[in-house]
Each structure stands twice: as structure tokens, then as C-alpha cells.
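S.K.: My questions will all concern the structure given below.
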Amino acid sequence: IIPAILFVIFSRFSIRRETRYMLLGNALLSDLIYLLFYTLSAALNAAHVHVPKEACVLLLFLLAVAYCGGLFTAAAIVLDTYIAILFPLRYIAIMPPSRTKKIIVLLWMCSGSFPGIFFLVLSSTHSFVPCVLEMCSVPVILILTLNGTDAVKLCFWLSTTIIFLCLSLIFCCYAILYFKTKQSGIWESICSRASVTFLMHNTVLFFYFFPLLALFVESFLCINVVIRLQTGIWVSLTICNVLMILPKVLFPFLYGLRYREISASLKSIVRRKHLHLVS
């Protein structure tokens, strides 16, 4: 469904020029890149293919960039919703398409800089693990890398702080939106479009951040030798292979298909194809 939604966004000029659809397309593109590279990594491990150190480093870097891109874009979508609801008359002046393109470029630059700094620290301290591993597995490398030097642990806690700052920003925006629109009557019915949309957005964001929180807690326990290394690896495998993939599966259905323009365009494409087959 992700390529279909991306095709609709990029092929329709009226959809492509709107800020919310541009941010949605960027989030879906990040998720698609992450899923493709993670599937490649899993397939190589399942086939017991030995990946060279340089290729493994590149694969891990691309995975980190794609994941950060999806995370930062999710925060940008919430900010865009915040501006659209609280400043409806000034929204077009605040978020024109040209500025949105610059924001998307900035998001990708931030997504590349944070993993880049982390990988530079790992390479400078000579504590990168793939050189002693037989497989390029993200959970295994993550849990073993966190048992490295103090510089690596410092990068870990800095990354944790940045992610929770994004989470706090999203929570504050949603809280302000709720209290600002509480008197408007859109929350009276639990089945109203606003309530359902609010619930869906919070569900997707919960599944985005809960695996990270679980991963940080598990890594903290493993670093402080509260749990064994083998237990930490199994927990990391579960989080990375299930919980971190789940929001990327839910995102196109709960976000993309909720927009009437996208769902109507997809239905028209399917209907046109069906009519062509019948004729």
C-alpha cells in the first residue's frame, strides 16, 4: 500500500503541492526505505551470507537514517497539524509549499547527521562490533555496541535525550490542541471524525515511541548487568523485528488512507483498472 499512496501523492499536482501530503509522502518514503533495507539485512542473515565490514556499516547507517527520517517527519506532521488548527488564516503564509520542501531537506540532513556523529564516534574509538561478528544483525550489534566505551554510552544517552525531546514536543502539541479545541464541541461524540483521527494518530505515535522506550530500558538493564547478555539479545530481536516494524505497517492505513483525497484517488485508479479489464 505504501508505493500506491506514494504514486498518488507524486502523480497528482493538486495533492503534491499541499504541505500535509508532502510530509506524509516523506514519512512513507522513509518507512519504505527502512523496510527494504531491514528486509535485505534479515534475508542476508537467514541465508548465512557473510557481509563485509564496510557493507555492514553502510547498511546500518542507511537503516539509522531512514528510521530517524520517519521519526522526525512524524514530529513535523504533528507540528503541521498544530499550526493548521491554531492558525488557520495564517497557515498558508506560515507553511507554503516552498518552505515545506526546505523543511523536508532539513529533516533529511538531521536524519543523516545524528547517525553520522554516532558512527564517527564508534569508528574513532575502534569499538565498532561488526568486525568481530559473523552476521550483520541490527539487534545483536546494538546490544553488543552498548557494552563498549564511555563515548559510545554518551552517544547512546544523547540519542535518547533527542528522541524524548521529540516525544515531549509531540505530547505538548497534542495537549495544547485538545485544551484549545475542547470548547468547540468536536470531542463530544466519541465517534466523531476528530476523536477518531486523534485516537489513530496517538496510536501510531505510541507504536513509534514505545519500542524505542522498551529498547532503551532493556539496554540500560543490560549495560548495568541486571539481565544477561543472551536475554538482552533475545529481547532486542523481539523489539527490532516486531515492535519497530509494526508502526510502519500501521502508518499508511491509519494516516494515509484517512485522507479523503488519497483514498478517493486510489479508488478511482482501481475502478478504472476494473473497467478496463471488463471492457
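Cβ coordinates are placed from backbone N, Cα and C, and glycine is handled just like the others.
TrEMBL: automatically predicted annotations, no manual curation.
So TrEMBL says this about it:
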DOMAIN    2-255  domain 'G-protein coupled receptors family 1 profile'
TRANSMEM  21-38  transmembrane segment
TRANSMEM  58-91  transmembrane segment
TRANSMEM  103-121  transmembrane segment
TRANSMEM  127-147  transmembrane segment
TRANSMEM  154-179  transmembrane segment
TRANSMEM  205-227  transmembrane segment
TRANSMEM  234-255  transmembrane segment
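So where do these features actually land, and what's packed around them?
M.R.: Here the transmembrane segment (58-91) has Cβ contacts under 8 Å with residues 19-20, 23-24, 26-27, 29-31, 33-34, 37-38, 40-41, 51, 103-104, 107-108, 110-112, 114-116, 118-119, 130, 136, 138, 141, 163, 166, 169-170, 173-174, 176-177, 180-181, 201, 204-205, 208, 244, 248, 255 of the same chain, all six or more residues outside its ends.
Outside the transmembrane segment (154-179) by six or more residues, the chain places 71-72, 74-75, 78-79, 81-82, 85-86, 114, 117-118, 121-122, 146, 187, 198, 201-202, 205, 209, 212, 216, 219 with a CB less than 8 A from a CB of the stretch.
Proximity of distant same-chain residues to the transmembrane segment (205-227), defined by a Cβ-Cβ separation under 8 Å and at least 6 residues beyond the stretch ends, is recorded for 70-71, 74, 78, 142-143, 146-147, 153, 156, 160, 163, 167, 170, 235-236, 239-240, 243-244, 246-247, 250.
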